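Step one of this worksheet: look at the structure below.
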Amino acid sequence: MAAMTAAAVPATGSFQKQDEEWRAVLSPEQFRVLRLKGTDKRGKGEFTKKFEEGTYSCAGCGTALYKSTTKFDSGCGWPAFFDAIPGAIKQTPEAGGRRMEITCAVCDGHLGHVFKGEGYSTPTDQRHCVNSVSLKFSSAGSSQ
């Protein structure tokens, strides 16, 4: 499925499937993270150290989530972004208020967490800590 542009983000929650349908289209690791709110192993993700120009999309539904221009090396062991494409993610506070869960606004797939106020020299001082397995990447020169 081709990645969607920010202007083409479908309505929130509009891409729903039953677990058996998700299992048929996702790898076991993608299902564990996206649907069961799992976490990649620290430092092992495909996109942790990737800084090529392009767009990161949801591995579940193809919705464009992050531009590479918002990616930075936080040293946390997971891909880190300081901002998402407008309307592409949902943020839900977790108990204790230290972090917010982030999910795809279209398919509700678990992406990771947002941490605020950690002192990064980024425009937002936010760290969107995202599981690599939740993402697909399209380089700026590709047709997707």
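Glycine is no exception: its Cβ is also placed from the backbone N, Cα and C atoms.
Lifted from Swiss-Prot, the feature list:
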ACT_SITE  CYS129  active site, nucleophile
BINDING   CYS58, CYS61, CYS104, CYS107  Zn(2+) binding site
DISULFID  CYS76-CYS129  disulfide bond
DOMAIN    19-140  domain 'MsrB'
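This view paints the features noted in Swiss-Prot onto the structure.
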residue: CYS58; record: Zn(2+) binding site; DSSP (3 states): strand
residue: CYS76; record: disulfide bond; DSSP (3 states): coil
residue: CYS104; record: Zn(2+) binding site; DSSP (3 states): strand
residue: CYS129; record: active site, nucleophile; DSSP (3 states): strand
Least Cβ-crowded entry, counting other Cβ within 10 Å, from the recorded positions listed as CYS58, CYS61, CYS76, CYS107, CYS129:
CYS76
Rounded to a whole angstrom, what is the C-alpha distance between CYS129 (active site, nucleophile) and CYS58 (Zn(2+) binding site)?
14
How many whole Å apart are the CA atoms of CYS76 (disulfide bond) and CYS107 (Zn(2+) binding site)?
26
Cβ-centroid neighbours of Zn(2+) site CYS58, CYS61, CYS104, CYS107, 8 Å, sequence order:
PHE15, LEU34, ALA59, GLY60, GLY62, THR63, ALA105, VAL106, ASP108, GLY109
For a quick check of packing: other C-beta atoms within 10 Å of the C-beta of CYS104 (Zn(2+) binding site), how many?
27
